[in-house]
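Novice: Please find one structure pasted underneath; my questions will follow.
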Amino acid sequence: MRIRHVVFCLLALVYGAETSDDDLDERTNIFIRDKLIPALKLAEVTKVNFTRLHLCHCSREVGCNARTTGWVPGIEFLNETDRSFYENTCYTDGSCYQSARPSPEISHFGCMDEKSVTDETEFHDTAAKVCTNNTKDPHATVWICCDKGNFCANETIIHLAPGPQQSSTWLILTILALLTFIVLLGIAIFLTRKSWEAKFDWYIRFKPKPGDPLRETENNVPMVTMGDGAGSSVPEVAPIEQQGSTMSTSAGNSFPPGIMPNNMKDMLDVLEETSGSGMGPTTLHKLTIGGQIRLTGRVGSGRFGNVSRGDYRGEAVAVKVFNALDEPAFHKETEIFETRMLRHPNVLRYIGSDRVDTGFVTELWLVTEYHPSGSLHDFLLENTVNIETYYNLMRSTASGLAFLHNQIGGSKESNKPAMAHRDIKSKNIMVKNDLTCAIGDLGLSLSKPEDAASDIIANENYKCGTVRYLAPEILNSTMQFTVFESYQCADVYSFSLVMWETLCRCEDGDVLPREAATVIPYIEWTDRDPQDAQMFDVVCTRRLRPTENPLWKDHPEMKHIMEIIKTCWNGNPSARFTSYICRKRMDERQQLLLDKKAKAVAQTAGVTVQDRKILGPQKPKDESPANGAPRIVQKEIDREDEQENWRETAKTPNGHISSNDDSSRPLLG
């Protein structure tokens, strides 16, 4: 019973498969008769024999699309359902073909019309020739062409001979080995590049030149035969007493004077200057400045690197170490120091520069004088100043800035062009031991072109420096960057902020210094590290300026200082003082201050003399002749008491000295 059921199932499967194939073939014939042929006639296709029309499977990867001959979806009069169902199908009155190739095994299908010999692509051209027996060339692929019905080429499975198999493991290992070799070769070339460069340079310098007498000398050396042996010959050797007129080379040859090869002379000259190569006498080379400096510690860092303290021949120096990526900035600042006649007491003194190999990296050193007090920013963090010190600091800074801005004429080798610093701030101003200042960090400075007709200085990327100290015309991009004086006006604005910072740390009478941590321009309205947009809003849109101490308006000196500061930070660049005018104004105020102090001292001395005449000398009541200790003279006591009484009666409620003449007030602080 079970056997009958199994046989029945097998017969049902076979019958179902045959029925399914018959249904598909009949559906295809109905599609050709009722839809495809009418659509082709509507499309006015006349080169096809409609009585032999059948369908074939076509491969999309070789062009089964609108370019393929007889592509069914390319017929515009068919509906979308038929186009989608017959997407990978073509029609033909000729042959269906299948091609297969090994390694990797790929099969392609398509149509070839009876009257067509070629197609648009090379593949179809080959198929047309194969199916029409028009080629005798051997092919690496296997072809099948048939015309017995719909999709006839799909019925045959092409069995290809197995090709040579390559292990993927060996392929991966081969690739890895090749990559490893390339990497090692690159590392070896990188590590030995200096040696190869030196050898190449040696070859270029000492390669034999055409017409070199070396070969002629070798060819013209007389030969003598030693013994009876044939071919045993050596050059004739001159007597010892005649060898004084020859020069011996490292190769053992001798050449009479005047005919030594030029390249040999060059080689001997180089060998005589060797520093220990083993091919000549050892000579000592002078150490560069980098080899004579001993670094003792880092003192700060900046935009292009860090600053260290060093010892150079017993003198303390500052060494600015540039990063390797900032070599253009190093060369620019070095070139400015070396070629611009920048010897001025209020400009940081340049000592030298060098390239130092530390064994790991190559460092770029710029050596300047060292000031233990550090920058003005650091100095104000630790100290307060009085009016005298304020004038010393700011007047010297203005003097250095005026020196940079002014042009000094001279010969071509000894003239200084007008310059703009472009990064004036308290961190770039050094405080010297005499409480004067020196301007440093000239890496962003700009020189006026020597050609007067060329008035362009920099490109449009002129917004450089510290954002907090940028002038309004730079923040709002209205600066005339082709006019050199515009950069100097921007320097004056930055200098006014430095003057304000220093004034905030000034202490005199009732005027107390501001907290050091808050002495930062615009800190009330900006972050510690503001962006361009934030500074633009504060300085240009809202037109704010750093806040003033209300007591400054009543101070005899600070009110004049604020007048200078307000003029220098004016929003209109043309309304600002020049750096030279700033220096002149502070010179005048400082001189008036010194005159007041001298006049006050003179008046005090005059009062003491007058009192001495009126009171006369008096003996102290406790005078004891028997006492051997030095006696105190009564007139000295009276002088001190009178000075103290004068000071007490002269003080006003605000702590200032009162007088009808302001110039009689002594210097406070």
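Heads up, the Cβ atoms here are built off N, Cα and C, so glycines get one too.
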Novice: Pick from N133, N476: which one does Swiss-Prot list as N-linked glycosylation site?
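Specialist: Record lookup in Swiss-Prot returns N-linked glycosylation site for N133.
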Novice: Swiss-Prot annotates one residue of N79, N306 as N-linked glycosylation site; which residue is it?
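Specialist: The N-linked glycosylation site feature in Swiss-Prot corresponds to N79.
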Novice: Tell me the Cβ neighbour count for V299 (ATP binding site), meaning other Cβ atoms within 10 Å of its Cβ, over all protein chains shown.
Specialist: 18
Novice: Would you mind giving the whole-number mean pLDDT across the topological domain 'Extracellular' (20-170)?
Specialist: 74
Novice: Are there any residues at least 6 positions away along the chain from V307 (ATP binding site) with a Cβ closer than 8 Å to its Cβ? List them or say none.
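Specialist: Those within reach of V307 (ATP binding site), by Cβ under 8 Å and sequence separation of 6 or more, are R298, V299, G300, S301, A318, V319, K320, V321.
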Novice: With a Cβ cut-off under 8 Å, give me the same-chain residues at least six positions beyond the ends of the transmembrane segment (171-191) that come close to it.
Specialist: none
Novice: Other residues near the ATP site, CB within 8 A of the CB centroid of V299, G300, S301, G302, R303, F304, G305, N306, V307, K320?
Specialist: V321
Novice: Cβ distance under 8 Å to R303 (ATP binding site), same chain, sequence separation 6 or more: which residues?
Specialist: G443
Novice: Output the one of S301, G305 that, of all these binding-site residues, has the highest number of other Cβ atoms within 10 Å of its Cβ.
Specialist: G305
